[in-house]
Amino acid sequence: MNAAAAALFAAALLIRVLVSISPYSGAQTPPKYGDYEAQRHWMELTTNLPVQQWYKDGPDNDPKYWPLDYPPLSGYQSYAHGLFVKQFDPAAVALHSSRGYETYFSKQLLRWTVILSDLLIFFPAAYLASAVFSSDSSSPAAAAASPQQQQRQQLFVLAAVLLQPASIIVDHGHFQYNCISLALAVLAAVAIAKRKDVLGSVLFCLSLNHKQMGLFYAPAFFAHLLGRCLQQLTYTGKVLGVARLGVTVIATFVVCWSPWLTSLDSALQVLHRIFPVGRGLFEDYLANFWCVTSVFIKWKSLASNAALMPVCAGLTVLAALPSMVQQVLQPSPKGLLLGMANSAFAFFMLSYQVHEKSILLPLLPITLLAASEPDCAIWGPAIASFSMYPLLVRDGVSLAYTATIVLYLLVITALVPTKGVQPVTLGSRCGRLLAAAGCAGTVLLHLLQALVPPPQRLPWLHDRLFVSYSFVFIAGAMLYLNWRQWNQQGSSSASKAKTK
């Protein structure tokens with residue numbers, strides 16, 4: 001690691017520490033508080049109850065008070081973090097009596113569990129990914145770059161991933177552990193790009209078993225790996241390749257779920273918790289199709305949850321299908337990242353029970369694509385953060401929101417590779433024009449919210465404007481990246497050459 005990368009790591013760590021000083025979700029707002037209390041409560045449950053009871057309703061596991069509703073790896077993570085917290089402040093995870101426990105010391109302990117998770121898991125994953133994905137092999141200009149230019153390119157990708165404001169604000173301001181599942185997805189993509197398909201499959205299954213939002217990437221990984229298997233020269237090779245990966249996936253899930261596979265009821269209880277379909281089509285304000293169009297079409301009143309779920313599933317598959325087909329036909333490392341972005345966009349836009357924080361899923365591969373899509377990597381995180389502003393302002397992290405976006409834009413634009421590495425294209429010109437208009441619009445909407453109160457009969461007006469405005473740019477990015485995936489240069493020939 002060179003001095004510039006070390007300085008970037010130090011800056012990224014410092015930013016996370018400073019953001020952690022901010023308020024958090026549900027601070028001092030009983031009776032249920034917020035996501036901070038949910039994470040603390042899961043530490044309480046996992047360190048005091050047998051593993052078989054983590055997902056089972058009972059007197060010590062109230063289903064109405066932040067039940068554990070993430071997959072098993074999140075439970076194991078809560079257990080490990082709970083043991084850490086218990087060593088220093090046992091009262092913070094004491095069964096029953098710790099509800100709403102918010103001492104200064106306990107809050108610092110929990111904040112540091114997120115920071116250490118980021119530092120020990122996400123930072124190394126980001127560094128490895130920057131080394132693997134910083135060179136766009138399909139670009140003649142990138143292939144001819146000097147060692148200094150390549151080093152700057154890697155630093156640019158690393159900065160895009162580590163300083164991306166939306167993830168920092170959600171994990172270290174709002175309070176969550178998205179860095180773990182996202183890091184596992186990054187490592188899976190790195191392993192597969194290095195042609196270690198079994199290892200990549202294990203890592204992706206672990207990501208999926210940490211947070212069910214990993215499903216957003218499932219079509220991309222499935223299509224890419226299937227495409228790789230189909231490139232084998234013989235029919236036997238194709239079948240064995242698929243079988244090997246299938247066994248890998250099943251074995252990984254069996255290991256993660258083993259405590260709950262002793263009976264069908266136990267396994268179903270976990271599934272019921274992690275897929276709470278009764279919550280509805282969407283929550284709060286987010287920049288997806290269902291929320292934005294609900295101003296005109298009252299989807300939740302028009303149809304029941306049972307009727308909406310298959311509609312959402314069908315539309316999501318249709319939206320992800322073009323990207324999947326491209327990877328089955330022409331699998332490539334860059335195509336995998338584009339597929340991850342497009343698959344995640346399809347889920348974010350059209351799937352059932354989406355949260356505003358789910359925008360982090362398409363954002364991750366967009367930052368990994370910084371070498372070939374610098375404009376998306378520069379402006380995408382700013383728009384994504386803007387789309388979450390209705391949530392972030394409720395959490396009291398407006399200052400951190402503003403500071404991280406401004407700092408990100410200052411650093412990332414200073415690190416943009418030279419023209420010799422990144423040729424100017426029609427896409428880049430359009431991207432810069434849209435970025436300029438987009439930034440001007442976000443500033444105007446912030447000024448409007450600050451200076452003009454909403455009408456009494458429309459108290460939600462500003463929130464609607466924020467997510468609707470963001471929706472336009474997110475939908476545009478989805479269309480653009482799908483187009484880019486089908487117009488890669490040399491992906492087919494390069495992939496086939498490696499297979500031979």
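Quick reminder: no glycine exception, Cβ is built from N, Cα and C everywhere.
Any TrEMBL annotation is an automated prediction that lacks curation.
Since we're looking at a predicted model, the values are computed, not measured.
Taken from TrEMBL, the feature signal peptide applies to 1-27. Within its own chain, the signal peptide (1-27) has Cβ neighbours under 8 Å at 33-37, 102, 107, 111, 114-115, 118-119, 123, 127, 151, 154-155, 158-159, 162-163, 168-169, 171-175, 395-397, 399-400, 404, 407, 411, counting only residues six or more beyond its boundaries.
Cβ atoms under 8 Å from those of the transmembrane segment (109-133) belong to residues 1, 5, 9, 12-13, 16-17, 20, 36, 39-40, 77, 81, 84-85, 88-89, 92, 154-155, 157-158, 161-162, 171-172, 175-177, 179-180, 182-184, 186-187, 189-190, 193-194, 333-334, 337, 368-369, 371 of the same chain, restricted to positions at least 6 beyond its ends. Under the heading transmembrane segment, TrEMBL lists 109-133 (among others).
Residues or ranges marked as transmembrane segment by TrEMBL: 175-193 (among others). Residues of the same chain lying 6 or more positions beyond the ends of the transmembrane segment (175-193) and with a Cβ under 8 Å from any Cβ of it are 24-25, 34-36, 39, 74, 77, 110-111, 113-114, 117-118, 121-122, 124-126, 128-129, 132-133, 161, 167, 199-201, 203-204, 206-208, 210-211, 213-214, 217, 221, 224-225, 333, 336-337, 340, 357, 360, 364-365, 368.
For the transmembrane segment (239-260), the list of distant contacts is 51-52, 55, 71-73, 197-198, 201-202, 205-206, 209, 225-226, 228-229, 232, 266-267, 269-270: same-chain residues at least six beyond its ends, Cβ to Cβ under 8 Å. Look at TrEMBL and you will find 239-260 (among others) tagged as transmembrane segment.
Here TrEMBL flags 305-324 (among others) as transmembrane segment.
What TrEMBL lists as transmembrane segment is 336-354 (among others). Cβ atoms under 8 Å from those of the transmembrane segment (336-354) belong to residues 133, 185, 189, 192-193, 215-221, 223-224, 276-277, 279-283, 286, 288-290, 308-309, 312-313, 315-317, 319-320, 322-324, 326-327, 361-362, 364-366, 368-369, 474-475, 477-478, 481-482, 484-485, 488 of the same chain, restricted to positions at least 6 beyond its ends.
Here TrEMBL flags 398-418 (among others) as transmembrane segment.
Annotation comment: TrEMBL describes 430-452 (among others) as transmembrane segment. For the transmembrane segment (430-452), the list of distant contacts is 375-376, 378-379, 382-383, 386, 462, 465-466, 469, 473, 476, 480: same-chain residues at least six beyond its ends, Cβ to Cβ under 8 Å.
Sequence annotations record features per position, and here TrEMBL assigns transmembrane segment to 464-483 (among others).
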